[in-house]
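> For reference, Swiss-Prot lists these features for the protein:
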- 46-69: transmembrane segment (TRANSMEM)
- 135-158: transmembrane segment (TRANSMEM)
- 175-199: transmembrane segment (TRANSMEM)
- 273-291: transmembrane segment (TRANSMEM)
- 330-353: transmembrane segment (TRANSMEM)
- 369-395: transmembrane segment (TRANSMEM)
- 417-439: transmembrane segment (TRANSMEM)
- 517-535: transmembrane segment (TRANSMEM)
- C559, C568: [4Fe-4S] cluster binding site (BINDING)
- 575-596: transmembrane segment (TRANSMEM)
- 643-665: transmembrane segment (TRANSMEM)
- H654: chlorophyll a B1 binding site (BINDING)
- M662, Y670: chlorophyll a B3 binding site (BINDING)
- W671: phylloquinone binding site (BINDING)
- 707-727: transmembrane segment (TRANSMEM)
Amino acid sequence: MALRFPRFSQGLAQDPTTRRIWFGIATAHDFESHDDITEERLYQNIFASHFGQLAIIFLWTSGNLFHVAWQGNFETWIQDPLHVRPIAHAIWDPHFGQPAVEAFTRGGALGPVNIAYSGVYQWWYTIGLRTNEDLYTGALFLLFLSALSLIGGWLHLQPKWKPRVSWFKNAESRLNHHLSGLFGVSSLAWTGHLVHVAIPASRGEYVRWNNFLNVLPHPQGLGPLFTGQWNLYAQNPDSSSHLFGTSQGSGTAILTLLGGFHPQTQSLWLTDMAHHHLAIAILFLIAGHMYRTNFGIGHSIKDLLEAHIPPGGRLGRGHKGLYDTINNSIHFQLGLALASLGVITSLVAQHMYSLPAYAFIAQDFTTQAALYTHHQYIAGFIMTGAFAHGAIFFIRDYNPEQNEDNVLARMLDHKEAIISHLSWASLFLGFHTLGLYVHNDVMLAFGTPEKQILIEPIFAQWIQSAHGKTSYGFDVLLSSTNGPAFNAGRSIWLPGWLSAINENSNSLFLTIGPGDFLVHHAIALGLHTTTLILVKGALDARGSKLMPDKKDFGYSFPCDGPGRGGTCDISAWDAFYLAVFWMLNTIGWVTFYWHWKHITLWQGNVSQFNESSTYLMGWLRDYLWLNSSQLINGYNPFGMNSLSVWAWMFLFGHLVWATGFMFLISWRGYWQELIETLAWAHERTPLANLIRWKDKPVALSIVQARLVGLAHFSVGYIFTYAAFLIASTSGKFG
């Protein structure tokens, strides 16, 4: 008999129903559950799949470069980055006739094109790329890396090149190599690129392989490095009148601490960024030599952890047993990695707009909005994944004997206190924030806006003042003009910072008021509730008072029969499922807030946000409705416009989102009956009945239907907001 899908599970392959396909897809990546899996094969499969992942990433970025070089307008855009719209790629087959062709022919193109809102043009321009040839070269290089990754993945599955489990579990060596190699050497290499290619390009000097060895990045060469006069590299920076990409007003410094932004590009100084990467490189190169490997010097992580026993015994046996627990659990390691990556991704969102690193990106408002929203959503999914794998760790990998009375065991011991405190915080935030919003709504409805409860965020304003924002008049730390820190800041460190923070044209430390106070607490409610659901899901994954033997049922189970007073919806998977809705909800509020505040800032009518954001009707009317009006008006008697495609996507996003509810709100029996009816009709319809299927159609399980519903809900939600965000921003700022 031919092997049927899924090959990794003979039990499933013999299932006569369509369950075989669904369960096969669901468990394809759950290597631990596959037939004949050993620990060694598990690690090797994961290792090989990393190479595949890298190949996909390199291929994707190569495609970006290739399509812009082929169909974009990079060389034209460089001449006037503020007024030429960057083209992502051509549209091969514009539907809806001539009006559509005209609507989408822009950015100086000959035919219909898509505009790039990803910031790649600004990025490539900043790092020194200048011609289409440069882009093609980059695309080919990444294609080569992609092929190399695929070969690497294949190679490490061959018997001779398969790494052993002991190699995968050598934590010290891995940490050393990742710190020194991944972070240290790559940061050093990037500093090299900035100093040798990007900074000269910003000063009008075109450095490529043919003249790479002849052009000195600094007039004094390596002299100052070897004589210890490092300050020479910071002397004579670019002036405030410097025109980016030309020698006009340029200096010779390569490593500076100017602070603030380049006046023309509104982005961080390239020489500051080179300095930053050099510092990071040195830090990580040192960090990558700290752990004990073959040479018997340096720290052993196990010894470090075992030594962590707090005085007074208040945390029991401290970190004893943690080393082996983490080192032997892939889920624990993945959970830690995802938690770190999630935080970093959210920080990227925050810093890309407040401290823009790429030339002219701060003036490309749609790109700013798209990048912020994109990174916040990605961060949300990654963070929920961290807790999901934390829960799987507790179910599959946690060994109570190994962790007796250490910090991990103690988390489980007092989980009720943790969960109840989080619950209390969520309830407090929710009722108080909603109470304030609703009170203000009622006051406006009754025509007495002066009776609103408006709370100034004085603590946040104080923190902003401490960093140098003077408009609140707090006169503290860096905003105190006669303090030593303020005076030192003018000359020794970051002289540009104080002028940047008090400029009103950037997004640094935006002025905040009562509307910000309220939405901040709404977001805090979302964060705490999402965390509550995720933490409870993980801490109760092994068992709860209602169901002490939960871990025997695995990560996801629908119900445990009618006993125990009802055990539906209490698996660790159900917690993850519920948390994703709250995560999307929270990031919705975050992105609404960011977008509305910035739209009013860019349009120069900040009072609209300040006055309308203190009550819910203001958000619904002056943000959502006002900004979606162009989208709801996509097709009208005047024909197509360039927003029509977003209007269609806005509708389509709502459709996908609403389809989610068909799977989320249902009961099981009627699905099966519906399927039987459809199958019956199919078999009795001429022509259609020529097509037969081998598997008996069965309805999705409860858990599967929830997953399908969740996927539609999430995708539709994000599609809808993406269309709204891009159309409302690009419609205003061209």
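A Cβ is built for glycine as well, from the same backbone N, Cα and C atoms used for every other residue.
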> Using Cβ atoms only, which residues of the same chain lie under 8 Å from M662 (chlorophyll a B3 binding site) while being at least 6 residues apart in sequence?
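Spatial neighbours, sequence-distant, of M662 (chlorophyll a B3 binding site): G709.
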> Helix, strand or coil for W671 (phylloquinone binding site)? Use DSSP.
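Where W671 (phylloquinone binding site) sits, the three-state DSSP reduction gives helix.
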> Cα of C568 ([4Fe-4S] cluster binding site) to Cα of Y670 (chlorophyll a B3 binding site): how many Å, rounded?
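Distance between the two Cα atoms comes out at 19 Å.
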> Could you round the CA separation between H654 (chlorophyll a B1 binding site) and C559 ([4Fe-4S] cluster binding site) to a whole angstrom and send it over?
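Computed Cα spacing between H654 (chlorophyll a B1 binding site) and C559 ([4Fe-4S] cluster binding site) is 31 Å.
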> What same-chain residues lie close to the transmembrane segment (575-596): Cβ under 8 Å, and 6 or more beyond its ends?
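Distant contacts of the transmembrane segment (575-596): 353, 369, 372-373, 376-377, 380-381, 383-384, 387-388, 391, 516, 519, 522-523, 526-527, 529-530, 533-534, 536-538, 540, 609, 613, 619, 623-624, 706-707, 710, 713-714, 717-718, 721, 725, 728-729.
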> Name, in the order they occur in the sequence, the residues of the same chain whose CB lies under 8 A from the CB of C559 ([4Fe-4S] cluster binding site) and which sit 6 or more residues away.
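Correct list: G566, T567, C568, D569, I702.
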> Between the binding-site residues C568, Y670, where is the Cβ count within 10 Å the lowest?
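Among the binding-site residues C568, Y670, the lowest count of other Cβ atoms within 10 Å belongs to Y670.
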> Under DSSP, is C559 ([4Fe-4S] cluster binding site) part of a helix or a strand, or is it coil?
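It is coil.
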> So if I measure Cβ to Cβ from the residue listed as 'phylloquinone binding site' and keep only same-chain residues at least 6 apart in sequence, which ones fall under 8 Å?
A699, L700, A705
> Around the residue listed as 'chlorophyll a B1 binding site', how many other C-beta atoms are within 10 angstroms of its C-beta?
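The residue listed as 'chlorophyll a B1 binding site' is surrounded by 15 other Cβ atoms within 10 Å.
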> For the transmembrane segment (135-158), find every same-chain residue at least 6 residues outside the stretch whose CB is under 8 Å from a CB in it, and list them.
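Distant contacts of the transmembrane segment (135-158): 44, 47-52, 54-56, 58-59, 61-63, 65-66, 68-69, 74, 124, 129.
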